[in-house]
Amino acid sequence: QSCLSRQQLLTTIRQMQQLLKGQETHFSEGLRAMRSRLSSLHSTLAKATPEAATVSCPALQAPTDGRKFGTKYLVEHEVHFTCNPGFQLLGSSTRMCQANGTWTGQEPHCEEISECSSSPCQNGGTCLEGLNQFKCLCPQQWTGVTCQHQAQTAPLVWSVTDDAAFSRQPRCAQVAQTQQCSCDPGFHMSGMAANGLCQDLNECEVFQRDGGPRLCAHSCVNIPGSFRCSCPSGYVLLGDGKSCEDIDECSLSQDNCTDGSTCINTGGGFQCVTPRCPPTTGNISYIKTSPFQCERNPCPMESRSCHHAPKTISFHYLPLPSKLLTPTPLFRMATAAAPGRPGLDSLRFGIAGGKSRGHFVVQRSDRHTGELILVQSLQGPQTIQVDVDMSEYLDRVFQAKHVSKITLFVSAYEF
């Protein structure tokens, strides 16, 4: 009986071991199923999590026959647009990058201004197109800006009489026993119809009379029955026959800049520039890290004056037309924190030096960007330098200063 009891006990132990093993296997399978379920839930949750907000917007281009100001496309940065003389802006003049990666406003377009499209000349007057203005050539019995007033009959005086090419015989026809004569476009009748002569109308003088609008951006040349425009040296006449566009001598390799200098295109010409770092002063010295930037060498720990000297000095060159409409943004200066590094909590911008400071102001366009604005027009030709500095602070403690030395080449012309 003792042996039997022992055998039963062993059998019972084996049964319990198998039961425990089965429960352990079942538990492991349940644990694996639970882990699989958790992994599936994590994957679903990750897909449902919204993507991080876009921090930049697509690049914007300047409209045809216009200009763009601003090259930063980060959130809260603005880009400004203007049109060339003779064109008007359709769409938004300023667009800002939004947090969702899109720009505010509408895409800008520059449309040519047609002053004669509204037919402003009354009583048979002929409209001549000028730059942003028009001129009405009135019949002899009418006068006024739009030929709205009756006047005494008087012959036109804007004629060229000393060249046979500027005179021609009228075209006459017999109508109801009366001879009627007329002149070709660009000519007017001089004298009585019976023995009159068609003389050229000098459109260039018509538009100069009484301070009238200009036919051409630069100079007007009268030709028989019409006129043509010409541009100064360094410019080419555009397809509209009136406007002038600068020739980029630098991109066309038409400059004579020597090795070590850089060609900068300007209105009607070019400049050869050679940016140089400041000379060494005490323990403050600089090294040129690119053709247009200098960086300060490391400072001794105890040198306060060295730490307050500009950490970087950059050089910028901008060509401008004369008498540019204001206010106009000219230059932007910005900073950005390195990845994983806490950002600066304060920036201060200012004009550090240069001539004609009264023509400029510096204003903050967003938390990390300052903007140099032209507030008074500049008459060319002249060259002006203005220095903009940006000081960085963290917890109200000065960190570093950066200087941008901006040189403006103002042309002699308004285009």
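We count from 1, first residue shown onward.
The backbone N, Cα and C atoms fix where each Cβ goes, glycine too.
Take the candidates Cys57, Cys97, Cys110; TrEMBL pairs Cys83 in a disulfide bond with Cys110. Mean pLDDT across the domain 'Sushi' (55-112) comes to 86 in this model. Of all the Cβ atoms in the protein chains shown, 22 others lie within 10 Å of the Cβ of Cys138 (disulfide bond). Note on Cys83 (disulfide bond): other Cβ atoms within 10 Å of its Cβ, all shown chains, come to 22. Residues near Cys110 (disulfide bond) in space but far in sequence (CB under 8 A, at least 6 apart, same chain), listed by position: Pro63, Thr64, Asp65, Gly66, Cys83, Asn84, Phe87, Gln88, Leu89, Leu90. Here the domain 'Sushi' (55-112) is broken down by DSSP into helix, strand and coil counts: 0 helix, 25 strand, 33 coil.
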